[in-house]
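Per TrEMBL, the features are as follows:
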DOMAIN    187-330  domain 'O-antigen ligase-related'
TRANSMEM  5-22  transmembrane segment
TRANSMEM  28-44  transmembrane segment
TRANSMEM  56-76  transmembrane segment
TRANSMEM  88-104  transmembrane segment
TRANSMEM  116-138  transmembrane segment
TRANSMEM  181-199  transmembrane segment
TRANSMEM  230-252  transmembrane segment
TRANSMEM  316-338  transmembrane segment
TRANSMEM  350-367  transmembrane segment
TRANSMEM  373-393  transmembrane segment
């Protein structure tokens with residue numbers, strides 16, 4: 001155990017729990033602070049940096065480096081260069097931090113497990129409070145009068161992060177012998193999120209619950225189904241976008257506006273992909289390719305943006321900005337992470353497949369994939385899953401292997 005690591009992780013988890021429900025953008029700040037302090041403590045004790053060794057980490061690094069390279073031909077160079085800086089600031093310390101968590105001993109410090117249970121439990125509890133009482137914390141911390149309507153993102157972003165972070169908490173509870181609570185927690189969160197405006201988080205949680213059952217019955221089946229979904233998503237989303245549009249889904253009566261709008265966005269983006277299919281339009285080009293189109297009468301009376309900042313679909317955004325080369329690298333990265341999941345202890349796999357598929361579903365239906373808070377959410381979920389796994393008896397042995 002590296003001296004001082006336990007208190008750092010505990011403080012990070014407690015801060016995450018306090019801020020998660022009403023200030024999700026601060027998640028990136030907490031992750032970076034924990035990573036930088038943790039790496040410094042590791043370097044002081046081990047006299048070296050925790051250089052990533054796992055092939056999945058190098059696949060992530062290769063994808064990010066190629067994304068940075070596409071800034072050279074981006075349609076919006078200023079935004080692209082700023083995004084490159086964000087990539088370097090976030091991914092370099094985060095990948096080192098993940099490697100550190102894989103190699104240091106965590107099972108000998110009860111403070112770490114207490115921090116995981118307290119921090120994530122507090123975060124989910126405050127999210128439930130916000131949901132059930134009209135978001136008083138969000139109103140008060142921003143000086144907004146109680147009862148005044150808020151934008152959808154004020155609850156959608158915390159819901160998305162909770163949908164990711166519930167799985168490390170469930171794993172920790174399961175390993176601690178609280179198996180009924182571990183299963184009940186994502187079920188209760190799903191029921192709560194279904195009452196919110198976050199259709200993406202609700203769908204991700206429901207898919208995660210499906211994969212929880214599949215993985216419990218057959219980890220092999222969960223692996224192959226997840227791999228098939230990734231391959232279809234990364235290689236087939238462009239023709240799927242055209243297919244959804246040709247079926248007239250945007251004109252279906254009673255369809256929620258956000259769903260119909262996405263059909264229009266995805267069809268427009270698929271057309272732009274066809275114009276530069278190999279190397280794409282460059283990093284952050286989504287911000288400069290917007291257009292206005294007439295909405296189907298069943299959806300909306302008037303016009304709508306056909307590309308509002310990003311496609312609300314990770315697969316299409318990668319195709320649009322990074323081209324087919326980026327899509328292949330992203331698929332290799334996703335399959336590398338999936339292969340890493342297959343190498344985890346059996347109990348960890350049962351909760352890792354839901355986390356992975358929940359995250360991919362939300363990425364495929366909402367949010368720009370380069371948003372810092374969203375990338376930090378995935379990296380935080382990965383870090384916390386490692387912490388939960390390493391705090392268990394089997395996980396500790398796995399981490400030293």
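Indices start at 1 and increase along the chain as displayed.
The backbone N, Cα and C atoms fix where each Cβ goes, and this holds for glycine too.
Within the chain carrying the transmembrane segment (181-199), a Cβ under 8 angstroms from the stretch's Cβ atoms is held by residues 124, 127-128, 131, 152, 155-156, 159-160, 162-163, 166-167, 169-171, 173-174, 205-206, 208-209, 212, 256, 258-259, 354, 365, all 6 or more beyond its ends.
Counted over residue pairs separated by six or more positions, the transmembrane segment (88-104) shares at least 3 Cβ pairs under 8 angstroms with the transmembrane segment (373-393), which defines the two as touching. A contact links the transmembrane segment (56-76) to the transmembrane segment (316-338), because at least 3 Cβ pairs that are 6 or more residues apart lie under 8 A.
Same-chain neighbours of the transmembrane segment (373-393): 9, 13, 16, 24-25, 27-28, 30-32, 34, 90-91, 94, 97-98, 101-102, 105-107, 112-113, 116, 120, 157, 160-161, 164-165, 167-169, 171-172, 175, 344-345, 347-348, 351-352, 355, 359, 367, 399, counting only residues six or more beyond its ends whose CB sits under 8 Å from a CB of the stretch. Secondary structure of the domain 'O-antigen ligase-related' (187-330) per DSSP (helix as H, G, I; strand as E, B; remaining residues coil): 98 helix, 6 strand, 40 coil. The stretch with the most CB contacts under 8 Å to the transmembrane segment (116-138), chosen from 5-22, 28-44, 316-338, 350-367, is 5-22.
In the predicted model, residues of the domain 'O-antigen ligase-related' (187-330) average a pLDDT of 91.
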